[in-house]
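*Asks:* Here's a structure for you.
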């Protein structure tokens, strides 16, 4: 549902009379998204360095719930392992979100200079686990753990970021069944839209561990939709290469397809790989220095960008500061293109799914309600179509239209 920008309410919203342009000084841009940008800034009242997300709510009106979700979760968090939220300001249609500035960049940025060694990985994973342990104790699920959403301070402190898809578990709703996250890092039970809990974050952590070791997640050379089909079907990914036994065992523990057998974040903090290899976070400043040297040597900004990173690091500019991930909001259809019919498929994305496919499956299941194996096969097919539609909106419409065209052609050919 579209919202009027003036009606937007988020935790920590400051008096609308306050002018953020007077309270804060924008410095260089450190990130860019579909509907806004992230700037390094100065709080003119305290001289504190902050990060300023500026979102155009008129452009992002269909994503306001995601924006509110991120701000709500961040405002409820009080942990040194989660990025701090300072408040929001509304000026016209622009929402200014003031957050903690972390000058070390994201783990994805730092990976552009090369994979991490096991001591660096263990140190970073330990801090991520502390963040997850905090979130899970607060009955929150991050749901999008990956290198792009792990930020570092210039001193090497590690914090979780990007809570646009984070979920809250209540006492009466212990498991969720919504389809969110990034395909390469997504747990099997999330893809299958089964009930899931905080153990989904543990799977994503295991994939992130492989990402830190290899520079990219498993299956990053494949199309995301194909990955959505393979993750539930295939055996879990394993860490291949010259790595220690304890590191491989850590990853295997995270990537158990049965979530009930995955350890909790608290249990993983006691894992041999973490206990024996993690160091003080200041050890991670070498990664930040390495990245600065790599940039200074004139490496192309596009060299390390890959389809598997969900485009977090695309659109980088040549500046000495690592860019922040800014994936809170997604691009919506262009109204002008809609008027011209150029994006008609986007408007009708779910029409065939809701009007034809879903009712057809319901009728099939009702007809065979006493045939358990047949009903199970129907449900699996229905889930697969839902997964395909989520990964590639509009694919169901195209399939149905193609089937109708084929049927009409066959009927015409058979006519006397």
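Positions of Cβ are set from backbone N, Cα and C atoms, glycine also.
Since the structure is predicted, the reported quantities are computational estimates derived from the model, not experimental observations.
For reference, Swiss-Prot lists these features for the protein:
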type: MOD_RES; residues: 2; note: N-acetylalanine
type: MOD_RES; residues: 4; note: phosphoserine
type: DOMAIN; residues: 24-274; note: domain 'Protein kinase'
type: BINDING; residues: 30, 31, 32, 33, 34, 35, 36, 37, 38, 53; note: ATP binding site
type: ACT_SITE; residues: 144; note: active site, proton acceptor
type: MOD_RES; residues: 178; note: phosphothreonine
type: REGION; residues: 296-343; note: region 'Disordered'
type: MOD_RES; residues: 300; note: phosphoserine
type: MOD_RES; residues: 304; note: phosphoserine
type: MOD_RES; residues: 306; note: phosphoserine
type: MOD_RES; residues: 309; note: phosphoserine
type: MOD_RES; residues: 325; note: phosphoserine
type: MOD_RES; residues: 327; note: phosphothreonine
type: MOD_RES; residues: 328; note: phosphothreonine
type: COMPBIAS; residues: 331-340; note: compositional bias 'Basic and acidic residues'
*Asks:* Could you state the CA-to-CA distance between residue 30 (ATP binding site) and the residue listed as 'active site, proton acceptor' to the nearest Å?
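*Replies:* Between the Cα atoms of residue 30 (ATP binding site) and the residue listed as 'active site, proton acceptor', the distance comes to 21 Å.
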*Asks:* Summarise the model's confidence over the domain 'Protein kinase' (24-274) as a mean pLDDT value.
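*Replies:* A mean pLDDT of 86 is what the model gives the domain 'Protein kinase' (24-274).
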*Asks:* Distance between residue 144 (active site, proton acceptor) and residue 32 (ATP binding site) at the Cα atoms, whole Å?
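*Replies:* If we compare the Cα positions of residue 144 (active site, proton acceptor) and residue 32 (ATP binding site), the gap is 19 Å.
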